[in-house]
């Protein structure tokens, strides 16, 4: 009868109350139990008050209660019904697994981003190429325009030079002009002969065409007495002209250009006179003289080597940019754009 009453009384007590009673019967304090079980005093107190700490997993709580029961000599089988109520097993929360479609969606998004990046890169490259081509085309058109202008100027100058009328009525055959001087004095004939024949190699056909009428007029109009007197005066300037042609004075402002490839250029001196304007072929050279400073326009700077006052002119900055060179050669040989 007493055993059944004790069993009913134990069932009425909770797990925490039974552990507390057993501890008190053994004369142990909560501090002593906590030290033996290596727990906090607050944890022992929560177990005796049938509290389940929120920050403590149910598995650990059940283990602490079993250790506490062994310490105070209470069979674990008697505490199992109370453990189910005080520390029920909680289902572990499992994070939902990401589906394969999410990875495919992210991969698709990365693919679109990469496609957009490549598209932007191609657009930038295309715009850069278009800008370079337009600049190159503009330079070529400018060179072509300058070449056409120079060709038109040269053609107009040549037409003006060809339209000058020549007075052919005064030019006579050398055979007819040489016949009348037969009656002229011997000394006059001897002085005229070297004066006319000596400069012949040094002058061009145009000069011969101009000199011949005057010579014919002098021969036909000469009389024995005045011819001997006028012949030395007329013959004296000829050696002077010949000396001026054969021994030119070197100009310190001479501009020398050697060409390694076909190149268009235009050279103007300080007076605005165009010393040259047109196309120069490969292996050609120019030696120009005028009044400094010179203004130069060069279509292909890499194809020409310039010397001014005996010193080379640096065109590297125009060669690097591959542009039409516009520069001015001052008297101090300091090219300025």
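Using the three backbone atoms N, Cα and C, a Cβ is placed for every residue, glycine included.
The transmembrane segment annotation in Swiss-Prot falls on one of the ranges 70-90, 91-111, 112-132, 133-153, namely 112-132. Range with Swiss-Prot annotation DNA-binding region, chosen from 10-29, 30-49, is 30-49. Secondary structure of the DNA-binding region (30-49) per DSSP, as helix, strand and coil residue counts: 16 helix, 0 strand, 4 coil.
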